[in-house]
Amino acid sequence: MQPRTPLLLCVLLSQVLLLTSAEDLDCTPGFQQKLFHIDQPAQFIEDQAILNLTFNDCKGNNKLHYEVSSPYFKVNHDGSLVALKNISAVGKTLFVHARTPHAEDMAELVIVGGKDIQGSLQDIFKFARTSPVPRQKRSIVVSPILIPENQRQPFPRDVGKVVDSDRPEGSKFRLTGKGVDQEPKGIFRINENTGSVSVTRTLDRETIATYQLFVETTDVSGKTLEGPVPLEVIVIDQNDNRPIFREGPYVGHVMEGSPTGTTVMRMTAFDADDPATDNALLRYNIRQQTPDKPSPNMFYIDPEKGDIVTVVSPALLDRETLENPKYELIIEAQDMAGLDVGLTGTATATIMIDDKNDHPPKFTKKEFQATVEEGAVGVIVNLTVEDKDDPTTGAWRAVYTIINGNPGQSFEIHTNPQTNEGMLSVVKPLDYEISAFHTLLIKVENEDPLVPDVSYGPSSTATVHITVLDVNEGPVFYPDPMMVTRQENISVGSVLLTVNATDPDSLQHQTIRYSIYKDPAGWLNINPINGTVDTTAVLDRESPFVHNSVYAALFLAIDSGNPPATGTGTLLITLEDVNDNAPFIYPTVAEVCDDAKNLSVVILGASDKDLHPNTDPFKFEIHKQAVPDKVWKISKINNTHALVSLLQNLNKANYHLPIVVTDSGKPPMTNVTDLRIQVCSCKNSKVDCNAAGALHFSATSVLLASLFSLACL
């Protein structure tokens, strides 16, 4: 029989292992029994076991912690519930809450014969989840149901049970709420006879973490007997989500020469799993650094916070000696607190080594040469510098200043933004005859200040020698413009002035000749040798070539250089007015009805091309020798207008009335103008002037128009 013993033992061990494996596969986290009934003793004795609780999170119960709704009780590590002191009254119900990083559950202890004690479970447990606080005189007893997410077949599977100690015979359980008869429907159901609650499919905590259901008992007709009582279903998290970096791209900057331990940036990942468990407890590390010089470990990441800091000495963070001032780090985030079983996610962090101004700009040579023609402006030379700092920063960009040799502000220097060169320009034309040579002292600095231990040296200044070339410059009129005042109508040949032009090339001793460049009216002549200007025609202030009493002409002065140079001068002649224009009247035609009651004919206006005082007030008269005195009358309205009227009605005909108008000049000028007046037939609002002429508008309209014009003056 002894040889068979090992074989039998192996068979038994195999069956045990199979059973253990099957149990592991079917393990439901939580209390193995959720409801207990104990009789109220006369007194609970200190440290005496009341009952034993069995909790299993299906992962070894690591970091298992119990909490009791009464401060007078505790649960030992072996699951035994004991009193902390001798006590008699503890209430009708005790609740025990168990929690590990992987699961949590609630057990209810009904004390038969106990009395109510006021208290808050939420205050006791310090977690914001609706706890099953039993109500007085309630026979339905429910506890929270904990279900792991991602469970596999078979379904449905029982996950909890509702107890009703006083349920009438024939009554049934009914379950309602989101997940039962509300979307998503059909996830949970209850055995209407036994109260067993089952789940019908796999749950996803990241979709719905808790379900608030309600349990009630009904009679055979469906009428509610008791309830509804809330039933909370809590989905236990599984590690089924990888950490992800959601806020990229991740770019950090650190100044070159920064001390060891300088924080560059922070990398944080997101894990959709339960943040209260290790499933979402992340740890960070650097998987790869590119480039790996001058050290493969230039940076360190805080495994818990994700802060990236420098770990090399400031001397190694020298941007000018680095192969590449940009580093790329592959950052890995791993859940399960970084354990090998944890899921991982990666992202790239780009770190730029920023430049600081630790290199002053230096001229490529101490002296520069430039040549410029006198009278010219623009860039004459580009000054070149070297700077080892970052070309995209103010630590590289140069600022030039002329510190000596520019008293007349004839030169300016600006920076070429592409090349960083100093563009030296002439902004005020140089004169060879005044100075043929100029020497400038120029300094260069950066836009950004230098770091404290670096300063500008002799190489940051340079000298520029400028040679001015002589060119043949055109003569210059003085003054320019030249201005004279004369009366109009002066006699032909009158001398107006003698122009004066000088040659800036004083060392060349050249001669100058004069000519007319523009004389719009052809009134002037100039002596080519001495520049005397006289008239060749009468000057007329009223000419269309005269504007605001000023006549403009242009003259040329030409030197004897090879090739000759030309200068231009302007002459402005202000013409004083004389009374050389007689006034004239308007209008010269009018009409009036033969039976008009209003004998006013027309309002006359007068105008004169001359200026005051050679214009108004005007004097209006009727030429008495040409018309009878008893028919027409003219009356002054103001200085420029008069009213012509009839003294009696006239027959239909055309009449010519000579009007004499005289201005106020000394001596005055007079003009006689025939005023044509048509007397028309006006009957039944119709005006007939056929016998009087071809005009077809009424005298009244002419009079009204004249009065309107007068009112606008």
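Cβ from N, Cα, C; glycine included.
Among the features that TrEMBL reports, signal peptide is placed at 1-22. Positions annotated as domain 'Cadherin' by TrEMBL: 147-245, 246-363, 364-477, 478-585, 584-697. The feature region 'Disordered' is assigned by TrEMBL to 156-178. The annotation compositional bias 'Basic and acidic residues' is assigned in TrEMBL to 158-172.
Distant neighbours of the region 'Disordered' (156-178): 28, 34-35, 139-143, 145, 147, 184, 188-200, 211-220, 224-228, 231, 233; these residues of the same chain sit at least 6 beyond its ends, with a Cβ under 8 Å from one of its Cβ atoms.
The DSSP breakdown of the domain 'Cadherin' (246-363), given as helix, strand and coil counts, is 9 helix, 48 strand, 61 coil. Taken residue by residue, the domain 'Cadherin' (147-245) breaks down under DSSP into 0 helix, 47 strand, 52 coil. DSSP states for the domain 'Cadherin' (584-697), grouped as helix (H, G, I), strand (E, B) and coil, give 0 helix, 58 strand, 56 coil.
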